[in-house]
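Student: Sharing the feature lines straight out of TrEMBL:
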- 9, 10, 11, 173, 213, 234, 235: substrate binding site (BINDING)
- 95: active site, electrophile (ACT_SITE)
- 167: active site, proton acceptor (ACT_SITE)
Ligand SMILES: O=C(CO)COP(=O)(O)O
C-alpha cells in the first residue's frame, strides 16, 4: 500500500508571522500519523525558519520551485544544493503556474527533476491538461507526454520515490474539481505510462496526487480511488484548520 501524501502549496500567500502561526498550530494539532505524509510548501523566504520549527514533528516542509544548477549568477533563484543543505525533503516542480508565467517547459522541468534526485530531494512533478486539451479529448496524450519528458534520464529506483501531481489546469483555483472517477482515469493513465517507461514495480510504487480545488469535503472521495494516493492543495491548505482536517481525512480514508 502506498503511503498517502497531502501537500499544501501556499503559492505567494502569507507573511512570515502568518506562516509561523500556521506551523505552531499544526504542530500542536497534527495527529502523529504514520499513514500520511503531511507537507506544506511555503514561499522560499520562509523555508529555513519553518524547517527548524518542524524538526522532529510530523509536519514536513517542501519548496515550490528551484533552479536546476547548484550555484551561479541567477539573480533571485534558489538552488537544489541550498534546499538540500536545509534538509528540505520535497520540491514541487513544473507547476502549471510556473509553466504559464515563468516559461518553464518540459525540458526545464526534466533538468530540475534530475537535479532534485542528484540532491536527495523528492520531486513533486506537476502535470495536467488545459481546458482546450480536455475538450479536444487530448487529456491522456498531453499528460503522458509531460510524464515521459519529465522522467527522461531518471532511473527506476529514483522514479519509485517520485511523486506526480495530476492537476488539470481548469480545476486550479476555480472551485471546479474533476470528478473522482475522471481524476482516477487520468491518474491510472499516468501509472500505465510509468509502467511503459519502467516496469510494473515502479508503476506500483510511484505516488500520484490529484490537485485542483481539493478541500476537506471532497478529499475522502478522491482518496477512495485506486490510483489517487494524495492531494496537492492550494487554497484549502492556507488555514491550519482545513489542513489538519485533510490530514485526518487522509488518515482514515
Ligand atoms: O494549484 C494547486 C495546487 O498546486 C491547486 O490549487 P487550488 O487547490 O487552490 O485549486
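Please read every residue number as a count from 1 along the shown chain.
Keep in mind that glycine also has a Cβ here, set from the backbone N, Cα and C atoms.
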Student: What whole-number Å value do you get for the CA-CA distance of residue 95 (active site, electrophile) and residue 11 (substrate binding site)?
Tutor: 10
Student: Near ligand 1, which of the binding-site residues show up if the criterion is a Cβ under 6 Å from one of its atoms? Options: 10, 11, 173.
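Tutor: Only 173 qualify.
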Student: Between residue 10 (substrate binding site) and residue 167 (active site, proton acceptor), what is the CA-CA distance rounded to a whole number of Å?
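Tutor: Roughly 15 Å, rounded to the nearest whole number.
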Student: Return the count of C-beta atoms lying within 10 angstroms of the C-beta of residue 213 (substrate binding site), excluding that atom itself.
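Tutor: Excluding its own Cβ, residue 213 (substrate binding site) sees 21 Cβ atoms within 10 Å.
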Student: Let me know how many other Cβ atoms fall within 10 Å of the Cβ of residue 173 (substrate binding site).
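Tutor: Other Cβ atoms within 10 Å of residue 173 (substrate binding site): 12.
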Student: Quick one: give me the count of other CB atoms within 10 A of the CB of residue 10 (substrate binding site).
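Tutor: For residue 10 (substrate binding site), the count of other Cβ atoms within 10 Å is 21.
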Student: Using a 10 angstroms cut-off on Cβ to Cβ distances, just flag whichever of 11, 95 is the loneliest among these recorded positions.
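Tutor: Counting other Cβ atoms within 10 Å of each of the recorded positions 11, 95 gives the minimum at 11.
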Student: For substrate, with binders 9, 10, 11, 173, 213, 234, 235, what's the maximum Cα separation in whole Å?
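Tutor: Largest pairwise Cα separation, rounded: 14 Å.
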Student: Neighbourhood of the substrate site (9, 10, 11, 173, 213, 234, 235): other residues with Cβ within 8 Å of the Cβ centroid, in order?
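Tutor: Near the substrate site, the remaining chain residues are 172, 233, 236, 237, 238.
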Student: At a 10 Å cut-off from the C-beta of residue 234 (substrate binding site), count the other C-beta atoms across all protein chains.
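Tutor: 20, counting other Cβ atoms within 10 Å of residue 234 (substrate binding site).
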Student: Taking the Cβ of residue 167 (active site, proton acceptor) as reference, which residues of that chain separated by at least 6 in sequence fall under 8 Å from it?
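Tutor: The answer is 95, 96, 126, 127, 128, 210, 211, 212, 232.
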Student: Give me the non-local Cβ neighbours of residue 235 (substrate binding site): same chain, 6+ apart in sequence, Cβ-Cβ under 8 Å, ordered along the sequence.
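Tutor: Once residues fewer than 6 apart are set aside, residue 235 (substrate binding site) is near 173, 213, 215.
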Student: What count of other C-beta atoms do you get within 10 angstroms of the C-beta of residue 9 (substrate binding site), across all chains shown?
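Tutor: Other Cβ atoms within 10 Å of residue 9 (substrate binding site): 26.
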